[in-house]
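Just below is one structure, and these are the notes that go with it.
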Amino acid sequence: MEGPGLGSQCRNHSHGPHPPGFGRYGICAHENKELANAREALPLIEDSSNCDIVKATQYGIFERCKELVEAGYDVRQPDKENVSLLHWAAINNRLDLVKFYISKGAVVDQLGGDLNSTPLHWAIRQGHLPMVILLLQHGADPTLIDGEGFSSIHLAVLFQHMPIIAYLISKGQSVNMTDVNGQTPLMLSAHKVIGPEPTGFLLKFNPSLNVVDKIHQNTPLHWAVAAGNVNAVDKLLEAGSSLDIQNVKGETPLDMALQNKNQLIIHMLKTEAKMRANQKFRLWRWLQKCELFLLLMLSVITMWAVGYILDFNSDSWLLKGCLLVTLFFLTSLFPRFLVGYKNLVYLPTAFLLSSVFWIFMTWFILFFPDLAGAPFYFSFIFSIVAFLYFFYKTWATDPGFTKASEEEKKVNIITLAETGSLDFRTFCTSCLIRKPLRSLHCHVCNSCVARYDQHCLWTGRCIGFGNHHYYIFFLFFLSMVCGWIIYGSFIYWSSHCATTFKEDGLWTYLNQIVACSPWVLYILMLATFHFSWSTFLLLNQLFQIAFLGLTSHERISLQKQSKHMKQTLSLRKTPYNLGFMQNLADFFQCGCFGLVKPCVVDWTSQYTVVFHPAREKVLRSV
């Protein structure tokens, strides 16, 4: 058996179905308890001068191994389990010993063990990326198969070692390489590893979705359905896997799902088939192109209808309530059938723009006669034009999406791996790029964003390095617009409604303004709502920028870290806080009559520490 009794090896090399998280961080899932016990039971070697070369290799006792080899031990000689010294060094990640044995003539691709594996196979099973890199640099062949018929990339997939998968593919290993059964890595992932990864990770490398294996002629989608792997089915459908290919039994993926009686997968496949069938109709394709516009129009009409019902000439609030319930029921049907799930995230944006539209119409139609010629009117017009401009700039400007070509991605992966930096702190497994400082992957936009602040619901856009300053002005002018409409509402009531606030109090006053103009009260409530959240966010943003020098994401992350630490972290004492004036100058990229000069940093390509000449501080990621 390969590697019995060693604390730093995987003792079970079978390839059955594995639970989610199997093999992550370089440790096999089934290894956890057995390996922990083995490590505890493994005795310490007090005197290494008498141990044999196999044990010395396992423990990484370099001097003892060197002594025995120079005394005449053949490094190619396998032990009684048919395992070479290079295998033992590889599985225990003994880099210095591997270099030494290879220099003494060890065969880098020597087969050994029960599974007839190479040292590279053993290193991959354990997730030892540095060892994999070293063996490949010394000529190891990643295309060789072991006794189970798996090559290097298949083992990396089965054990869910994503960094090794990325490195092998970047070094030229085909993502569509087949094992002895004609199965690609994507097929093995969909069938053997329950969960979204590494199926989703493999799809980043554009594997063939519709290739079939030799024996069953199943596609990756067939294998995912056969295993009941819901996450893999979802990933493959999203990537565009065919629903019509039949296997050797003449079964489509839906036929297999029906046979297995997996109701969730059946629903997913039928829904996807219906959506793809609708794509054939020109009207449906036109509706998809106009989804956002239709969503906006629906929101505008719905908000008008709500106000119309409230302003309806009837004293029966029961009738108005029934009409409102009916309205919301009817309008909820439209997004469900005509607007895709991905575009529903723009619903708050449509609500905001619809609110501003009716705010403007109310001001122009109802409030204009009372405020015509006054400076408040022109201030309102300026505020709403500025709001629309900065909303557009916030939405249309690239927030700082990090981009890289396929070749650049592979070069980055190789560079990071060979420098020991290929981990989740510096590498994005979704974008396959090196992450700049202060960046974060947004799962809504599906991209890494430089100097990430948040994904704003109200703009439907990420807020980052490229559009953060526009976002501040967007909040400011939205607060101004809502503030003017609140002021205009009270001016309107004082001019057009008979109120007795001083005589009868607040409750009577509210009844009087509701009876006078429910529409104006409705618009006031909308304006008050938008004024509240926009003003709160504006003040919060300005505080973070001027006094902390942090983004919203960084502030929240530091606060979470502080909860798990004995000593409370100070948000003011961060490398990014350069003082009130310098923080503002850096953020808005403007000086102050030569007293303060901004430091220009391109956060989309900033991977190392930054030296700030103004304060002689070193900026680091938080």
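Glycine too: its Cβ is placed from the backbone N, Cα and C atoms.
What Swiss-Prot lists as topological domain 'Cytoplasmic' is 1-291 (among others), and the listing cites a curator's inference.
Taken from Swiss-Prot, the feature N-acetylmethionine covers M1.
This prediction places the mean pLDDT of the repeat 'ANK 1' (43-78) at 87. The repeat 'ANK 1' annotation in Swiss-Prot covers 43-78 and rests on similarity to another entry.
What Swiss-Prot records for 81-110 is repeat 'ANK 2', and it gives sequence analysis as the kind of evidence.
The repeat 'ANK 3' feature in Swiss-Prot is assigned to 115-144; the stated evidence is sequence analysis.
The repeat 'ANK 4' annotation in Swiss-Prot covers 148-177, and the record cites sequence analysis as its basis.
What Swiss-Prot lists as repeat 'ANK 5' is 181-211, and the listing cites sequence analysis.
Taken from Swiss-Prot, the feature repeat 'ANK 7' covers 249-277, and the record attributes it to sequence analysis. Outside the repeat 'ANK 7' (249-277) by six or more residues, the chain places 216, 219, 221-222, 224-226, 228, 230, 233-234, 237, 241, 243 with a CB less than 8 A from a CB of the stretch.
Among the features that Swiss-Prot reports, transmembrane segment is placed at 292-312 (among others), with the record citing sequence analysis. Within the chain, the transmembrane segment (292-312) has long-range Cβ neighbours (under 8 A, six or more residues past its boundaries) at 319-320, 323-324, 327, 331, 334-335, 338-339, 343, 346-347, 350-351, 353-355, 357-358, 517-519, 521-523, 526.
Per Swiss-Prot, topological domain 'Lumenal' is recorded for 313-320 (among others).
The transmembrane segment annotation in Swiss-Prot covers 321-341 (among others) and is backed by sequence analysis.
Within the chain carrying the topological domain 'Cytoplasmic' (342-347), a Cβ under 8 angstroms from the stretch's Cβ atoms is held by residues 291-292, 295, 299, 335, 444, 457, 460, all 6 or more beyond its ends. What Swiss-Prot records for 342-347 (among others) is topological domain 'Cytoplasmic', and it gives a curator's inference as the kind of evidence.
The transmembrane segment annotation in Swiss-Prot covers 348-368 (among others), and the record cites sequence analysis as its basis.
According to Swiss-Prot, the transmembrane segment annotation covers 371-391 (among others), on the basis of sequence analysis. Remote same-chain partners of the transmembrane segment (371-391), defined as residues 6 or more beyond its termini with a Cβ less than 8 Å from a stretch Cβ, comprise 353, 356, 359-360, 363, 459, 470-471, 473-474, 477-478, 480-481, 484-485, 487-488, 491.
Feature annotation from Swiss-Prot assigns topological domain 'Cytoplasmic' to 392-470 (among others).
Long-range contacts of the transmembrane segment (471-491) within the same chain, counting only residues at least 6 positions beyond its ends with a Cβ under 8 Å from a Cβ of the stretch, are 356, 359, 362-363, 367, 370-371, 376, 379-380, 383-384, 386-387, 390-391, 393-394, 453, 456, 459, 463, 520-521, 523-524, 527-528, 530-531, 534-535, 537-538, 541-542, 545. Among the features that Swiss-Prot reports, transmembrane segment is placed at 471-491 (among others).
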*How many of the residues that make up the topological domain 'Cytoplasmic' (342-347) does DSSP mark as helix, as strand and as coil?*
6 helix, 0 strand, 0 coil
*In the same chain, who gets a Cβ under 8 Å from the transmembrane segment (519-539) while lying at least 6 residues past its ends?*
303, 306-308, 310-311, 352, 355, 358-359, 362, 366, 472, 475-476, 478-479, 481-483, 485-486, 489, 492-493, 513
*Provide the three-state DSSP residue tally for the repeat 'ANK 1' (43-78): helix first, then strand, then coil.*
19 helix, 0 strand, 17 coil
